Ligand SMILES: Nc1ncnc2c1ncn2[C@@H]1O[C@H](COP(=O)(O)OP(=O)(O)OP(=O)(O)O)[C@@H](O)[C@H]1O
Ligand SMILES: CC(C)(CO)[C@@H](O)C(=O)[O-]
Ligand code: BAL
(Lines of atoms letter the chains of each structure in order from A; the text may use other names.)
(Lines give C-alpha, C1' and ligand atoms only; values in the text may rest on other atoms or scores of the structure.)
(Ligands and ions follow the chains in the order given, each with its own letter.)
Protein backbone atom coordinates (compact mmCIF):
# COMPACT_ATOMS: atom_id res chain seq x y z
CA UNK A 1 0.00 0.00 0.00
CA UNK A 2 1.47 3.36 -0.99
CA UNK A 3 -1.10 5.45 0.90
CA UNK A 4 0.39 6.63 4.18
CA UNK A 5 -1.89 6.07 7.18
CA UNK A 6 -1.66 8.43 10.17
CA UNK A 7 -3.57 7.71 13.38
CA UNK A 8 -2.07 10.27 15.77
CA UNK A 9 -1.40 14.00 15.57
CA UNK A 10 2.36 13.35 15.48
CA UNK A 11 2.04 10.85 12.63
CA UNK A 12 -0.12 13.37 10.76
CA UNK A 13 2.40 16.19 11.29
CA UNK A 14 5.27 14.08 9.93
CA UNK A 15 3.28 12.82 6.91
CA UNK A 16 1.76 16.25 6.15
CA UNK A 17 5.22 17.87 6.00
CA UNK A 18 6.15 15.51 3.16
CA UNK A 19 3.20 16.51 0.94
CA UNK A 20 4.09 18.90 -1.84
CA UNK A 21 2.21 21.41 -3.98
CA UNK A 22 -1.50 22.08 -3.61
CA UNK A 23 -3.10 19.91 -0.95
CA UNK A 24 -6.76 18.85 -1.06
CA UNK A 25 -8.76 17.19 1.69
CA UNK A 26 -11.80 14.90 1.49
CA UNK A 27 -13.44 14.40 4.88
CA UNK A 28 -15.46 11.25 5.59
CA UNK A 29 -16.93 9.15 8.36
CA UNK A 30 -15.72 5.93 6.69
CA UNK A 31 -17.77 3.09 5.15
CA UNK A 32 -16.53 4.47 1.86
CA UNK A 33 -18.41 4.04 -1.42
CA UNK A 34 -18.24 5.32 -5.01
CA UNK A 35 -19.52 8.75 -3.92
CA UNK A 36 -16.46 9.16 -1.74
CA UNK A 37 -14.27 7.82 -4.57
CA UNK A 38 -15.67 10.51 -6.85
CA UNK A 39 -14.73 13.20 -4.31
CA UNK A 40 -11.19 11.79 -4.25
CA UNK A 41 -10.99 11.75 -8.07
CA UNK A 42 -12.09 15.39 -8.27
CA UNK A 43 -9.56 16.25 -5.58
CA UNK A 44 -6.78 14.50 -7.49
CA UNK A 45 -7.65 16.36 -10.69
CA UNK A 46 -7.40 19.62 -8.84
CA UNK A 47 -4.52 19.18 -6.39
CA UNK A 48 -1.02 17.71 -6.24
CA UNK A 49 -1.64 15.81 -3.00
CA UNK A 50 -4.84 14.38 -1.51
CA UNK A 51 -5.61 13.70 2.15
CA UNK A 52 -8.67 11.68 3.19
CA UNK A 53 -9.86 11.87 6.78
CA UNK A 54 -11.84 8.94 8.17
CA UNK A 55 -13.37 9.86 11.51
CA UNK A 56 -16.72 8.89 12.94
CA UNK A 57 -17.38 12.12 14.80
CA UNK A 58 -19.41 11.48 17.98
CA UNK A 59 -20.09 15.20 18.38
CA UNK A 60 -22.52 15.29 15.44
CA UNK A 61 -24.69 12.37 16.62
CA UNK A 62 -27.68 12.86 18.93
CA UNK A 63 -28.26 10.53 21.90
CA UNK A 64 -30.87 8.46 20.02
CA UNK A 65 -29.04 8.30 16.71
CA UNK A 66 -27.03 5.54 15.04
CA UNK A 67 -23.44 6.20 16.23
CA UNK A 68 -23.08 2.74 17.82
CA UNK A 69 -24.29 0.86 14.76
CA UNK A 70 -22.72 3.10 12.09
CA UNK A 71 -20.84 0.83 9.62
CA UNK A 72 -17.12 0.56 10.30
CA UNK A 73 -15.11 -0.87 7.38
CA UNK A 74 -11.61 0.57 7.86
CA UNK A 75 -9.68 -2.13 6.01
CA UNK A 76 -11.82 -1.81 2.87
CA UNK A 77 -11.73 2.00 3.22
CA UNK A 78 -7.93 2.01 3.21
CA UNK A 79 -7.92 -0.26 0.15
CA UNK A 80 -10.25 2.13 -1.68
CA UNK A 81 -8.01 5.07 -0.77
CA UNK A 82 -4.95 3.21 -2.01
CA UNK A 83 -6.68 2.28 -5.28
CA UNK A 84 -7.74 5.89 -5.81
CA UNK A 85 -4.21 7.20 -5.28
CA UNK A 86 -4.81 8.99 -1.97
CA UNK A 87 -1.50 10.21 -0.53
CA UNK A 88 -2.42 10.31 3.13
CA UNK A 89 -5.27 8.96 5.25
CA UNK A 90 -5.81 10.49 8.69
CA UNK A 91 -7.89 8.11 10.80
CA UNK A 92 -7.72 9.21 14.41
CA UNK A 93 -9.69 7.81 17.36
CA UNK A 94 -12.06 10.13 19.25
CA UNK A 95 -9.52 10.72 22.05
CA UNK A 96 -7.01 12.02 19.49
CA UNK A 97 -9.50 14.58 18.23
CA UNK A 98 -11.15 15.33 21.59
CA UNK A 99 -8.41 14.66 24.17
CA UNK A 100 -10.36 16.41 26.92
CA UNK A 101 -13.70 14.82 26.01
CA UNK A 102 -16.46 17.03 24.59
CA UNK A 103 -14.91 20.40 23.67
CA UNK A 104 -16.15 23.30 25.82
CA UNK A 105 -15.85 25.65 22.85
CA UNK A 106 -17.64 24.70 19.63
CA UNK A 107 -18.46 26.31 16.32
CA UNK A 108 -22.06 27.50 16.22
CA UNK A 109 -23.91 26.81 12.98
CA UNK A 110 -26.33 29.63 13.86
CA UNK A 111 -29.83 30.07 12.44
CA UNK A 112 -29.09 28.23 9.16
CA UNK A 113 -27.95 25.27 11.18
CA UNK A 114 -31.23 25.12 13.10
CA UNK A 115 -33.36 24.55 9.97
CA UNK A 116 -34.30 21.29 8.22
CA UNK A 117 -31.64 18.71 9.21
CA UNK A 118 -30.81 20.88 12.22
CA UNK A 119 -34.45 20.91 13.35
CA UNK A 120 -34.56 17.11 13.27
CA UNK A 121 -31.03 16.67 14.63
CA UNK A 122 -30.48 19.43 17.23
CA UNK A 123 -26.80 20.32 17.63
CA UNK A 124 -25.84 18.21 14.60
CA UNK A 125 -24.30 21.04 12.59
CA UNK A 126 -22.41 22.50 15.56
CA UNK A 127 -20.80 19.06 15.80
CA UNK A 128 -20.11 18.90 12.05
CA UNK A 129 -18.62 22.40 11.83
CA UNK A 130 -16.50 21.87 14.93
CA UNK A 131 -14.90 18.73 13.53
CA UNK A 132 -14.55 20.20 10.03
CA UNK A 133 -12.78 23.24 11.53
CA UNK A 134 -10.47 20.98 13.51
CA UNK A 135 -9.70 18.80 10.49
CA UNK A 136 -8.97 21.90 8.35
CA UNK A 137 -6.56 23.18 11.01
CA UNK A 138 -4.89 19.78 11.36
CA UNK A 139 -4.55 18.93 7.66
CA UNK A 140 -3.96 22.52 6.36
CA UNK A 141 -5.37 22.05 2.81
CA UNK A 142 -5.79 24.79 0.20
CA UNK A 143 -8.99 23.13 -1.05
CA UNK A 144 -11.62 20.82 0.46
CA UNK A 145 -14.21 18.70 -1.38
CA UNK A 146 -17.73 18.00 -0.09
CA UNK A 147 -20.76 16.26 -1.63
CA UNK A 148 -23.90 18.05 -2.81
CA UNK A 149 -25.82 15.11 -1.30
CA UNK A 150 -25.40 16.77 2.11
CA UNK A 151 -26.57 20.13 0.75
CA UNK A 152 -27.16 21.92 4.06
CA UNK A 153 -23.83 20.69 5.41
CA UNK A 154 -22.06 21.96 2.27
CA UNK A 155 -23.74 25.35 2.59
CA UNK A 156 -22.79 25.67 6.26
CA UNK A 157 -19.16 24.65 5.61
CA UNK A 158 -18.94 27.27 2.85
CA UNK A 159 -20.40 29.86 5.22
CA UNK A 160 -18.02 28.90 8.01
CA UNK A 161 -15.03 29.14 5.68
CA UNK A 162 -16.14 32.61 4.50
CA UNK A 163 -17.50 33.99 7.77
CA UNK A 164 -14.51 32.88 9.82
CA UNK A 165 -11.84 33.48 7.13
CA UNK A 166 -10.54 29.94 6.91
CA UNK A 167 -8.95 30.75 3.55
CA UNK A 168 -9.75 27.28 2.26
CA UNK A 169 -11.59 26.87 -1.03
CA UNK A 170 -14.69 24.67 -0.71
CA UNK A 171 -15.61 22.65 -3.80
CA UNK A 172 -18.98 20.92 -4.26
CA UNK A 173 -19.24 17.54 -6.00
CA UNK A 174 -22.58 16.50 -7.58
CA UNK A 175 -24.41 13.57 -5.98
CA UNK A 176 -23.33 10.15 -7.24
CA UNK A 177 -26.28 7.78 -7.74
CA UNK A 178 -26.88 4.10 -8.39
CA UNK A 179 -28.13 3.44 -11.92
CA UNK A 180 -31.69 3.25 -10.54
CA UNK A 181 -31.39 6.73 -8.99
CA UNK A 182 -30.69 5.94 -5.33
CA UNK A 183 -28.16 8.43 -3.94
CA UNK A 184 -25.12 6.58 -2.62
CA UNK A 185 -24.86 6.81 1.15
CA UNK A 186 -23.05 4.83 3.81
CA UNK A 187 -26.42 4.41 5.54
CA UNK A 188 -27.78 2.51 2.50
CA UNK A 189 -26.07 -0.49 4.11
CA UNK A 190 -28.86 -0.50 6.71
CA UNK A 191 -31.58 -0.99 4.06
CA UNK A 192 -33.29 -4.34 3.60
CA UNK A 193 -34.20 -5.35 0.03
CA UNK A 194 -37.73 -4.01 0.57
CA UNK A 195 -36.42 -0.79 2.16
CA UNK A 196 -34.14 -0.26 -0.81
CA UNK A 197 -37.01 -0.57 -3.29
CA UNK A 198 -39.08 1.78 -1.12
CA UNK A 199 -36.22 4.27 -0.87
CA UNK A 200 -36.22 4.72 -4.66
CA UNK A 201 -39.30 6.90 -4.18
CA UNK A 202 -37.03 9.72 -2.96
CA UNK A 203 -35.02 10.06 -6.17
CA UNK A 204 -38.17 9.33 -8.21
CA UNK A 205 -39.89 12.25 -6.49
CA UNK A 206 -36.98 14.57 -7.24
CA UNK A 207 -36.95 13.55 -10.91
CA UNK A 208 -40.72 13.92 -11.25
CA UNK A 209 -40.42 17.41 -9.79
CA UNK A 210 -37.57 18.36 -12.10
CA UNK A 211 -39.64 17.29 -15.11
CA UNK A 212 -42.16 20.07 -14.36
CA UNK A 213 -39.71 22.68 -13.08
CA UNK A 214 -40.62 25.22 -15.79
CA UNK A 215 -44.20 25.31 -14.48
CA UNK A 216 -42.94 26.88 -11.25
CA UNK A 217 -42.69 26.07 -7.53
CA UNK A 218 -46.27 24.84 -6.97
CA UNK A 219 -46.00 22.26 -9.74
CA UNK A 220 -42.57 21.15 -8.53
CA UNK A 221 -43.75 20.67 -4.93
CA UNK A 222 -46.94 18.89 -6.04
CA UNK A 223 -45.12 16.49 -8.38
CA UNK A 224 -42.67 15.45 -5.66
CA UNK A 225 -45.40 15.13 -3.01
CA UNK A 226 -47.57 12.98 -5.29
CA UNK A 227 -44.76 10.44 -5.72
CA UNK A 228 -44.04 10.28 -2.01
CA UNK A 229 -47.66 9.96 -0.83
CA UNK A 230 -48.05 7.02 -3.20
CA UNK A 231 -45.38 5.20 -1.18
CA UNK A 232 -46.80 4.81 2.36
CA UNK A 233 -43.65 3.09 3.65
CA UNK A 234 -41.77 6.37 3.20
CA UNK A 235 -42.21 8.56 6.29
CA UNK A 236 -41.40 12.07 5.10
CA UNK A 237 -39.65 14.35 7.57
CA UNK A 238 -39.50 17.32 5.20
CA UNK A 239 -39.94 18.01 1.50
CA UNK A 240 -39.09 21.62 0.65
CA UNK A 241 -38.23 23.78 -2.33
CA UNK A 242 -35.91 26.44 -1.03
CA UNK A 243 -33.50 29.20 -1.90
CA UNK A 244 -30.05 27.51 -1.98
CA UNK A 245 -28.41 30.29 0.08
CA UNK A 246 -31.03 31.00 2.76
CA UNK A 247 -32.86 27.64 2.81
CA UNK A 248 -36.11 29.65 2.98
CA UNK A 249 -39.08 28.35 0.99
CA UNK A 250 -39.22 30.01 -2.42
CA UNK A 251 -42.51 31.84 -3.06
CA UNK A 252 -45.00 30.61 -5.68
CA UNK A 253 -44.05 33.36 -8.18
CA UNK A 254 -40.32 32.56 -7.89
CA UNK A 255 -38.15 32.04 -10.96
CA UNK A 256 -34.48 31.03 -10.70
CA UNK A 257 -32.18 28.63 -8.89
CA UNK A 258 -33.72 26.59 -6.12
CA UNK A 259 -33.08 23.27 -4.48
CA UNK A 260 -35.61 20.57 -3.67
CA UNK A 261 -34.64 18.81 -0.45
CA UNK A 262 -36.13 15.67 1.03
CA UNK A 263 -35.54 13.76 4.25
CA UNK A 264 -37.48 10.61 5.10
CA UNK A 265 -37.41 7.49 7.15
CA UNK A 266 -37.51 4.18 5.32
CA UNK A 267 -37.84 1.34 7.80
CA UNK A 268 -35.46 2.35 10.58
CA UNK A 269 -33.15 4.30 8.27
CA UNK A 270 -33.22 8.07 7.86
CA UNK A 271 -32.22 9.14 4.33
CA UNK A 272 -31.70 12.51 2.68
CA UNK A 273 -31.54 13.54 -0.97
CA UNK A 274 -31.85 16.73 -3.01
CA UNK A 275 -31.82 18.15 -6.52
CA UNK A 276 -30.77 21.69 -7.45
CA UNK A 277 -32.91 23.07 -10.31
CA UNK A 278 -33.86 26.27 -12.11
CA UNK A 279 -37.61 26.72 -11.61
CA UNK A 280 -40.15 28.79 -13.54
CA UNK A 281 -39.81 30.62 -16.83
CA UNK A 282 -37.91 29.38 -19.88
CA UNK A 283 -35.26 26.63 -19.59
N1 LIG B 1 -23.65 9.95 -3.17
C2 LIG B 1 -22.73 10.88 -2.92
N3 LIG B 1 -22.28 11.67 -3.91
C4 LIG B 1 -21.36 12.64 -3.68
N5 LIG B 1 -20.83 12.88 -2.46
C6 LIG B 1 -21.24 12.11 -1.43
C7 LIG B 1 -22.21 11.08 -1.61
N8 LIG B 1 -22.43 10.49 -0.39
C9 LIG B 1 -21.63 11.12 0.48
N10 LIG B 1 -20.93 12.10 -0.13
C11 LIG B 1 -20.02 13.05 0.49
O12 LIG B 1 -18.95 12.38 1.12
C13 LIG B 1 -18.50 13.13 2.24
C14 LIG B 1 -18.47 12.24 3.44
O15 LIG B 1 -19.78 11.83 3.73
P16 LIG B 1 -20.16 10.64 4.70
O17 LIG B 1 -18.91 9.95 5.10
O18 LIG B 1 -21.10 11.11 5.72
O19 LIG B 1 -20.89 9.66 3.70
P20 LIG B 1 -22.42 9.44 3.54
O21 LIG B 1 -22.59 8.39 2.51
O22 LIG B 1 -23.07 10.78 3.33
O23 LIG B 1 -22.81 8.85 4.92
P24 LIG B 1 -24.23 8.85 5.60
O25 LIG B 1 -24.96 7.73 4.98
O26 LIG B 1 -23.83 8.62 6.99
O27 LIG B 1 -24.84 10.19 5.41
C28 LIG B 1 -19.49 14.29 2.40
O29 LIG B 1 -18.94 15.45 1.81
C30 LIG B 1 -20.69 13.79 1.64
O31 LIG B 1 -21.51 14.83 1.14
C1 LIG C 1 -18.09 16.31 6.95
C2 LIG C 1 -18.08 15.12 7.91
C3 LIG C 1 -16.94 14.18 7.52
C4 LIG C 1 -17.79 15.65 9.31
O5 LIG C 1 -17.78 14.62 10.25
C6 LIG C 1 -19.42 14.38 7.92
O7 LIG C 1 -20.44 15.19 8.36
C8 LIG C 1 -19.74 13.72 6.62
O9 LIG C 1 -19.19 12.65 6.41
O10 LIG C 1 -20.49 14.27 5.79
N1 BAL D 1 -23.41 12.54 6.00
C2 BAL D 1 -23.65 13.60 6.95
C3 BAL D 1 -23.20 13.29 8.32
C4 BAL D 1 -24.22 12.68 9.22
O5 BAL D 1 -25.30 12.25 8.78
O6 BAL D 1 -23.96 12.62 10.41
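Every residue, even glycine, has its Cβ placed from backbone N, Cα and C.
Per TrEMBL, the features are:
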- 36: active site, proton donor (ACT_SITE)
- 29-36, 147-150, 176, 184-187: ATP binding site (BINDING)
- 60: beta-alanine binding site (BINDING)
- 60, 153: (R)-pantoate binding site (BINDING)
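Positions of the features from TrEMBL, shown on the structure.
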{"residue": "29", "record": "ATP binding site", "CB count, 10 Å": "19"}
{"residue": "32", "record": "ATP binding site", "CB count, 10 Å": "25"}
{"residue": "35", "record": "ATP binding site", "CB count, 10 Å": "20"}
{"residue": "36", "record": "active site, proton donor", "CB count, 10 Å": "27"}
{"residue": "60", "record": "beta-alanine binding site", "CB count, 10 Å": "21"}
{"residue": "148", "record": "ATP binding site", "CB count, 10 Å": "18"}
{"residue": "153", "record": "(R)-pantoate binding site", "CB count, 10 Å": "22"}
{"residue": "176", "record": "ATP binding site", "CB count, 10 Å": "18"}
{"residue": "186", "record": "ATP binding site", "CB count, 10 Å": "18"}
Using C-alpha positions only, work out which of the recorded positions 36, 60, 153 is nearest to residue 186 (ATP binding site). 36
Taking only the Cα atoms, work out how far residue 32 (ATP binding site) lies from residue 60 (beta-alanine binding site), in Å, as a whole number. 18
Enumerate in sequence order the binding-site residues 29, 35, 60 whose Cβ-atom distance to ligand 1 is under 6 angstroms. 29, 35
Among recorded positions 29, 36, 176, close to ligand 2 by Cβ (under 6 Å) are 29
Would you mind sorting out which recorded positions among 32, 35, 36, 60, 176, 186 put a C-beta under 6 angstroms from ligand 3? 60
If you compare CA-to-CA distances from residue 60 (beta-alanine binding site) to each of the recorded positions 29, 35, 36, 148, which comes out shortest? 29
Mapped onto three states, the DSSP assignment of residue 186 (ATP binding site) reads helix
Kindly assign residue 176 (ATP binding site) to one of the three DSSP-derived states: helix, strand or coil. coil
